[in-house]
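Structure first, then comments.
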Amino acid sequence: MRRQKTDVIQVPRDNIVVEGYGLGTLKVLKRKRIVDKQFVNLEDIKLTAKTLSSELGKIVSDPSLPREVREISQVHQLLLEDPFLWKKLEDASVDGKIKIEDYERIRDEIISLLLSTGNPLIQQRVDDIKDLFRNLLLGSSERLDNLRGSVVYSEEFLPSDVMKLSILGVKALLSTQGSHTTHAAILARAFEIPYIIRLPNLSEYEEKRVFVDAVEGKIIINPNETNIHEYERIIEKYTKEKEEIEKYGELKFDDIKIMANISVPQEIEVAKKKGADGIGLFRTEFLFVGRDNPPSEEEQYLVYKKALETFYPEEVVIRLLDIGGDKKIEYLAVDNEENPFLGLRGIRLLLKHKEILKTQLRALLRASAHGNLSVLVPMVTLPEDIEKLLEIIQETKEELLAEGKEIGSFKLGIMVEVPSVIWLIEKIAPYIDFVSIGTNDLTQYIFAADRNNPSVAKYYQDEHEVIFEIIATIAEKAKKFNLPVGVCGELAGKLGATEKLSQLGVTKLSVSPFKVPFIKRKIYEIQTGQERTYKG
Amino acid sequence: MEIRKKIVVKNPEGLHARPATELVKALSEVSSEVYIVYKGMKANAKSILNILSLGVDPGAEVEVIVSGEDAEKAIEIVEAILNEEAKD
């Protein structure tokens, strides 16, 4: 039976790769079947490689294109000319022909070589290899014209798909696979095409009208006419705003800083471009997940140092590894817990795995010599957590100094996300330099509602009066100790909350890089009295 | 002429796509053979696939082996890219 009713698919924020809105007919990207033939001519693919390489060469040397696009095209061009690849293909050819199964075997061997590195950033180059082998067979002939102007669903997008689809003016990209750091994701970001990953299979909705909300996180299938008009208005407003919004990124305010939340290194440059006054939440999980061993001290040090140097003299708030709950890593085994969200998470886990904590602290302490570092501790519940951590920091400092390593200074702060801290903040305050309120987890724990569980969604209300009261309480108590207060959850990025948060004494808002100019404009409007829409 | 040198990769991206691309591009100008040895694996530094498959993380030490007439120029190129600490 074909569905006609409106369906809504809720999307967790983490699955939004590129923010924006899109309205259009859902079309499924159907790839040309790779081959029906059994052999491929070596000379043919050499010729194709030459043509593709010269097409990419034009992109690489076109300064009007975004830098990311040129860089990725350069990688693809080098892949097309790779001596290792051609040696393998030549070795596999007999009388100038390669069996298709051998061709695919070579592709899979190269893919497993990359996968075996155990490095997530290199593993994500696998889609470039798939792309390369497809394009060598199909040339640039694969036509996607039927997708022009639509919302496109595919299991996965390869980098060249995104290039072609951007030319066809597609409204949004939806996929079941993918990640924030693939070349397809970087290209979608460069072309500003809304992109959501990790979705269920959407093929059944082919040819249906869909509205993609890659800002709040939902996909509406079969919206009614009234809603369509509403969505068109949203898109029109957003597009207009986007055009004029960039200039607000340049603004600086004396009493409040608008900073960026960063989950992957690629976002650092986006944040800088959007005008962030520093990084308010640098999540370090990307360094630890998807690999067999934790990153070395040196690896972490170089990454932290780069973030600090990029934003110097602005502050960079780096959060200690926040694993546990729904986020797991294989080499940091946690026994099965009945309630992982109430289990071994954040600092609780780090204090149990001192070796991981110390390596991260060593890297952070060394990096602190290169910028304005603040270290943020997740999931603090009791003053003892901080007391224990301070002992370990002291021990680490002494070790580094004894080794003759250069270290700078840094500020230490805690996430306020566990309700106990609301009452214990005075006891913790003497040990710390700032607090950052993580409204996502805080709301979850205050209302005892999992924010990813749609059945209890109505209980998860981060704009509830209660949350503002808690923020007011924390701000008031923190003030007595001269501790600056920031908000780094979703609430910080909600325009309706900006004025209230600033009135409550919050001096730092940390939001997704794309939101920085929007929030800055809001602050500007509030401060110049241009707009007073929030009624509390 | 053959030169062997141990180099610590200070590029914060390790030898991932961007620095690997730079390396291959820059080495296209030298005639010497250039190899990078990491964890017992040896890769042709003029092949982006070979370099990526080493999976060199930032902070790791690699051995670079160059041989050929312009070996000195080649080692300079490799060192400059591997040591590049931050790039906009």
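Heads up, the Cβ atoms here are built off N, Cα and C, so glycines get one too.
Other C-beta atoms found within 10 angstroms of the C-beta of A:H183 (active site, tele-phosphohistidine intermediate) number 26, with every protein chain shown included. The DSSP secondary structure for A:H183 (active site, tele-phosphohistidine intermediate) is helix. According to TrEMBL, the feature active site, tele-phosphohistidine intermediate maps to A:H183.
The active site, proton donor annotation in TrEMBL covers A:C488. According to DSSP, A:C488 (active site, proton donor) sits in a coil region rather than a helix or strand. The local packing around A:C488 (active site, proton donor), expressed as other Cβ atoms within 10 Å of its Cβ over all shown chains, amounts to 28.
Look at TrEMBL and you will find A:E417, A:D441 tagged as Mg(2+) binding site. A helical conformation is recorded for A:D441 (Mg(2+) binding site) in the three-state DSSP classification. Cβ neighbour count for A:D441 (Mg(2+) binding site) (all protein chains, 10 Å cutoff from its Cβ): 22.
If you look up TrEMBL, you'll see A:149-217 marked as domain 'PEP-utilising enzyme mobile'.
In the predicted model, the domain 'PEP-utilising enzyme C-terminal' (A:254-527) shows an average pLDDT of 94. Among the features that TrEMBL reports, domain 'PEP-utilising enzyme C-terminal' is placed at A:254-527.
A:H183 (active site, tele-phosphohistidine intermediate) sits 28 Å from A:C488 (active site, proton donor), taking the Cα positions as reference.
Here the CA atom of A:C488 (active site, proton donor) lies 11 Å from the CA atom of A:E417 (Mg(2+) binding site). Each residue contributes its Cα atom, and for A:D441 (Mg(2+) binding site) and A:C488 (active site, proton donor) those atoms are 11 Å apart. In the three-state DSSP assignment, the secondary structure recorded for A:E417 (Mg(2+) binding site) is coil.
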